[in-house]
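> Quick one: the structure is below, and I'll ask about it shortly.
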Amino acid sequence: MASPALTEYDVIFVGAGTSGGVAAGRLAVADPSLKILLVEAGPHVKDDEAFVQPAKCLSHLRADNPVFKVHVSEHSEFLGRQQAVTVPHVVGGGSSVNFTIYNRAVASDFDDWEKVHENPGWGAKDLVPLLRKTENYQVAEGKDDVHGYGGPINVSYGGKFTNVGKDFLDVAKEFDKTRTSTDDPNAVIRDTNHYGRFQKFIDGKTGKRSDVAHHFLYNNLKTTGLEILTGTFVKRVIFENKRATGIEIIPNLTFQPNADATKSKVIRAKRLVVISSGTFGSPQVLERSGIGAKSILEKAGVTQLVDLPGVGENFQDHTTLFTTYHATPDSDTLDGIGRGDPEDLKQFGDQFWKDGTGIMAHNGVDGGIKYRPSAAELEAIGPDFKKRWDEYFVGKDDKPVLWMCQLSLFLGDPHSVPARKYFTIGFFAGYPVSTGHVHIKDGQNPDAAIDFEGAYVKRPEDMAVMKFGYKLGREFARRMQCYDGEFVPGHPEFPTGSEATVHTSAKPVPVGAPRINYTAEDDKALEAGIRKLVAPAWHFIGTNAMKPRERGGVVDPKLNVYGVEGLKVCDISILPSNVCANTYSTALLVGEKGAVIIAEELGIQGV
Ligand SMILES: Cc1cc2nc3c(=O)[nH]c(=O)nc-3n(C[C@H](O)[C@H](O)[C@H](O)COP(=O)(O)OP(=O)(O)OC[C@H]3O[C@@H](n4cnc5c(N)ncnc54)[C@H](O)[C@@H]3O)c2cc1C
């Protein structure tokens, strides 16, 4: 079994993912004498093309990829089927495999954490400067005081502007004259409803992915006290008188196949243990350590140390539909790279290594919008959503209801569909009401099956938003010049003869063409289709919510786990409520905030 160099460290991070990697990297640079161990269940990614080249993100979606752990929800009552989610186990966590879409939360999302969930220091006033600290906005240096210009994480448009993306934005200008266009949808933090060219977590100079592994960890290994132990699970945290003093580790047999999983080791932490195992991993580590609801721990054979029933509850994701269309042969898409076509790999790989441009330095996403409906559109979303709108959105004018983007690719296992060109309209419900849970069933084995309940269209409010989003996205798609028909398995099955029927082969309609009229029967078919097709967004949050203990909270505003000492959680499992954005930006932010909090407590200057 792989072992760390020492038996005792100052600080131990459980998981070398996004937030944990940022916090550990910041602390290590500020105080190079600090001995920091990151224990990571997955393997290294250093200079590995599959992780460094952004367009290769599609290759991770192959069903046989060992860096993704699959969890299946056994609660099928809402969808009428089981829902599987895939969770990355790799150094850098989500930052090493994600789609590099750059999208920041709106200001009221942060203010909700501070005011509604009672977390001083977590409002927009305090957090926007930390967003800037991480970022190096290469698009236009010094453009405004919303972006950052000297941080480790580069943000650019990537190596190309795909003709599919241009097409989407051209349609937007003509089709929806009530909303404006921008070259930077993240330029203003208290605004929404602008179509714009989406930027990417891609280095505009090299074309490489702006991940945490290479920009906070590998680059600091030689000059600081950082150490990463890979292929290893943290089974549990060790306590003495309710103070965290270390961790117990065992090998992850997927990456250490010859190790003995019955032999564990204890590594001691002198000053702090930080759980940064993500929304799926962190509640499991807490529960295996005896922190959680009694009934759950008892069933898993774990003795309770602290009664904290909020652990593993409040699971959220952005309910998503990735609706797929056939793209014309001249469309710029990533499908060939995803399939591993040798010609595409050679052509775009050569260009990438020559000057960091081209479609290999791209994620397929160019155009999108954070969408707040008009009064007429609210009517169309229907009565199921009315109460939610009144309670959650009114008075917070920067809150979109959904965001939508075009993707120049088929989103899924590229080998599961016929080899051709695709484009996708993805839309994400910003603040679904549905929640689920993540709990252990086995108190000993971190690799064992868990009790996972997804959070996908359990509530009519969420279904109403998804139906609206499908119809809207489809109107965009059929007006785009690259539209070459609809990928039938990716759409609902509408009644025969319906105006809403899906067409395998079709040409674009004029921008001014009437919208498809959906009958009540069509709407029923649409609901059934959404239950069949709804997808996780990989934006898992909330299972260790930062809120008062009596309201189901797990950590306080200093990220301390209630009821013990010397133990914090630092990843997006702490989010008490959702953000209307892809979550990488927010995970970086939690890492930055965690570093500041930990540095203050340990007396470290310069973070
Ligand atoms: C396929 C995919 C596409 C995405 N696309 C985008 C996008 O385009 N834009 C965007 O903004 N966001 C995107 N995201 C979301 C974003 O990347 C994540 O929300 C974010 O990285 C989560 O950060 P985290 O620190 O909370 O967890 P993670 O980064 O997942 O880190 C947790 C780490 O802990 C490790 N771990 C877990 N349990 C244990 C254990 N017991 N012992 C040791 N280690 C353990 C895991 O292996 C992992 O490395 C995507 C995510 C995925 C998976």
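Note: Cβ is positioned from N, Cα and C throughout, glycine not excepted.
Per TrEMBL, FAD binding site is recorded for THR18, SER19, VAL90, VAL234, TRP538, HIS539. Per TrEMBL, domain 'Glucose-methanol-choline oxidoreductase N-terminal' is recorded for 278-292.
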> Any idea which of the binding-site residues THR18, TRP538, HIS539 has the thinnest Cβ neighbourhood at 10 Å?
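Each of the binding-site residues THR18, TRP538, HIS539 was scored by Cβ atoms within 10 Å; lowest is TRP538.
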> Any idea what the model's mean pLDDT is for the domain 'Glucose-methanol-choline oxidoreductase N-terminal' (278-292)?
98
> Could you tell me which three-state DSSP class VAL234 (FAD binding site) falls into?
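The three-state answer is strand.
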> What three-state secondary structure does DSSP assign to HIS539 (FAD binding site)?
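DSSP assigns HIS539 (FAD binding site) to coil.
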> Record lists THR18, SER19, VAL90, VAL234, TRP538, HIS539 as binding FAD; longest Cα-Cα distance in Å?
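It comes out at 23 Å between the most distant Cα atoms.
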> Relative to the Cβ of VAL234 (FAD binding site), which residues of the same chain, six or more apart in sequence, are found under 8 Å away?
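Sequence-distant Cβ neighbours: VAL14, GLY15, VAL39, ILE247, GLU248, ILE249, SER277, VAL285, PRO446.
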> With H, G and I counted as helix, E and B as strand and the rest as coil, say where DSSP puts VAL90 (FAD binding site).
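Reduced to three states, the DSSP call for VAL90 (FAD binding site) is coil.
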> Count up the helix, strand and coil residues in the domain 'Glucose-methanol-choline oxidoreductase N-terminal' (278-292) according to DSSP, in that order.
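The breakdown for the domain 'Glucose-methanol-choline oxidoreductase N-terminal' (278-292) reads 11 helix, 2 strand, 2 coil.
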> Would you count the other CB atoms within 10 A of the CB of VAL90 (FAD binding site), including those on all shown protein chains?
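Other Cβ atoms within 10 Å of VAL90 (FAD binding site): 28.
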> Counting across all protein chains shown, how many other Cβ atoms sit within 10 Å of the Cβ of SER19 (FAD binding site)?
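Looking across every protein chain shown, the total is 33.
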